[in-house]
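Engineer: One structure follows; several queries about it will come next.
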Amino acid sequence: MGRRWGFLIGFLGAVGLLGSGHGGQQPPETAAQRCFCQVSGYLDDCTCDVETIDKFNNYRLFPRLQKLLESDYFRYYKVNLKRPCPFWNDISQCGRRDCAVKPCQSDEVPVGIKSASYKYSEEANNLLEECEQAERLGAVDESLSEETQKAVLQWTKHDDSSDNFCEADDIQSPDAEYVDLLLNPERYTGYKGPDAWKIWNVIYEENCFKPQTIKRPLNPLASGQGELLICTVTYQPVDFRKSEENAFYSWLEGFTYDISISKLLFLGLCVEKRAFYRLISGLHASINVHLSARYLLQDTWLEKKWGHNITEFQQRFDGILTKGEGPRRLKNLYFLYLIELRALSKVVPFFERPDFQLFTGNKAQDAENKMLLLEILHEIKSFPLHFDENSFFAGDKKEANKLKEDFRLHFRNISRIMDCVGCLKCRLWGKLQTQGLGTALKILFSEKLIANMPESGPSYEFHLTRQETVSLFNAFGRISTSVKELENFRNLLQNIH
């Protein structure tokens with residue numbers, strides 16, 4: 001077994017040397033070629049190519065999507081940034097001002113959004129408010145009609161649904177606050193080093209869909225090099241700061257996780273397990289694109305200047321600097337784009353229902369925004385090369401159900417890890433984007449429920465809360481922005497060697 005692995009590693013290494021130009025004299029590559037040369041053509045496990053995605057996103061989708069996300073319904077997101085970390089206690093809070101989040105004042109949030117019982121539409125909102133008031137008075141069984149009691153129970157059942165892929169944020173907590181996403185943009189904050197590494201290490205360790213025969217250190221800062229990876233859902237904390245091997249930090253800050261054996265990890269993995277890893281890697285890559293595109297270039301008492309940091313982008317995605325992993329990470333970003341794009345195309349019937357409103361209290365603006373929302377969704381539905389989710393969980397029914405549940409629980413755990421991020425702004429956008437991706441997965445695995453929705457009235461079997469809707473579109477907006485920014489970085493790197 002060891003010889004076979006040794007031969008395979010040697011073979012891959014030889015291929016890597018040939019591919020990087022060591023096998024003969026070649027013209028020097030530009031920086032753009034080193035980052036993007038392999039990010040083209042068809043994506044693994046998909047029938048779609050990168051060029052089709054670029055054209056569709058950058059010229060047909062991105063401008064309208066950004067306009068939608070600037071509307072009141074999508075810019076205000078309620079979040080609890082004070083939830084304790086469920087895995088360890090020694091969280092180092094980022095003290096930098098760029099890590100801070102400025103919450104909204106009560107009078108800044110539209111009245112229709114901050115209505116505590118909002119769930120479906122203006123009419124349903126009024127009904128549910130009466131239901132909740134009666135429940136607080138202890139009169140649910142006596143004063144509510146049988147139909148209303150049934151509705152309350154069904155809505156509660158939905159909120160506690162086992163189909164949810166994310167840990168539900170307790171937005172009714174006194175600690176939960178509305179945040180204006182436009183005034184708290186995702187950008188470089190300076191949050192890095194062992195604490196940031198610790199978060200991403202745990203996230204990747206939650207991805208247990210790896211061959212357990214692959215040996216590598218659980219903590220690369222530790223001295224032992226033969227530790228066998230043991231996959232568990234719970235996490236046992238490791239004190240990374242005890243290590244004196246700080247040389248790792250500069251490497252970790254580039255992308256924070258070495259996946260140079262990812263080619264080997266993919267051997268023998270089914271499409272679902274590959275997909276899980278690629279979704280996490282794609283999300284990680286997308287976040288790093290945002291940080292590189294909105295980097296603090298100048299900080300003086302007069303002004304702050306944010307912009308594209310080419311060096312930062314190269315450290316994270318250059319094929320040579322990342323030992324061939326950078327381009328693979330970018331392809332995983334495109335894979336994530338296709339997954340979320342497909343989810344949006346599948347959920348169109350839910351948003352088309354007349355009962356659904358982007359309810360803020362401004363009827364004219366709400367109607368206009370719903371029209372824009374449906375235009376975007378129909379544009380997405382017209383995309384010619386959607387990901388085929390039917391390849392997921394298509395084998396033996398019992399085994400497929402178990403794999404789906406493992407898939408869901410692993411991702412749910414990853415959503416809980418977001419409460420351990422020491423930078424509040426990073427935590428905000430991490431929670432939003434993991435909830436958005438979790439909502440996309442929920443949609444993909446609810447095809448029959450969506451097909452059976454009634455044309456009007458409450459949909460008991462499948463529903464999205466406002467939190468899920470806002471996170472779904474904002475998360476996709478982040479991925480869409482990443483794809484657009486890749487075009488900008490291609491142009492910036494074109495003449496750099």
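For all residues, glycine too, the Cβ spot is worked out from N, Cα and C.
So TrEMBL lists these for the protein:
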| type | residues | note |
| --- | --- | --- |
| SIGNAL | 1-23 | signal peptide |
| DISULFID | CYS94-CYS99 | disulfide bond |
| BINDING | ARG187, THR189, TRP200, SER281, HIS284, ARG316 | FAD binding site |
| DISULFID | CYS423-CYS426 | disulfide bond |
| ACT_SITE | CYS423 | active site, nucleophile |
| ACT_SITE | CYS426 | active site |
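Quick one: how deep are these features, and who are their neighbours?
Structural biologist: Its own atom aside, the Cβ of CYS94 (disulfide bond) has 22 Cβ atoms within 10 angstroms in the protein chains shown.
For SER281 (FAD binding site), the Cβ neighbour count at a 10 Å cut-off comes to 25, with all displayed protein chains included.
Under a cutoff of 8 A between CB atoms, and with a sequence separation of 6+ in the same chain, the neighbours of CYS423 (disulfide bond) are CYS94, ARG96, CYS99, THR189, TYR191, ALA196.
Counting only same-chain residues six or more apart in sequence, the Cβ atoms lying under 8 angstroms from the Cβ of CYS426 (disulfide bond) belong to CYS94, CYS99, THR189, TYR191.
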Engineer: Could you tell me the maximum Cα-Cα distance in Å between the residues recorded as binding FAD, namely ARG187, THR189, TRP200, SER281, HIS284, ARG316, rounded to a whole number?
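Structural biologist: Across ARG187, THR189, TRP200, SER281, HIS284, ARG316, the two farthest Cα atoms sit 21 Å apart.
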Engineer: If you skip the near sequence neighbours and keep only those at least six away, which residues in the chain come within under 8 angstroms of ARG187 (FAD binding site), Cβ to Cβ?
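Structural biologist: Within the chain, ARG187 (FAD binding site) has Cβ neighbours under 8 Å at ASP98, HIS290, LEU291, ARG294, TYR295, LEU296, TRP306.
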Engineer: Using a 10 Å cut-off, grab the number of neighbouring Cβ atoms around the Cβ of HIS284 (FAD binding site), all chains included.
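Structural biologist: Here the count is 22.
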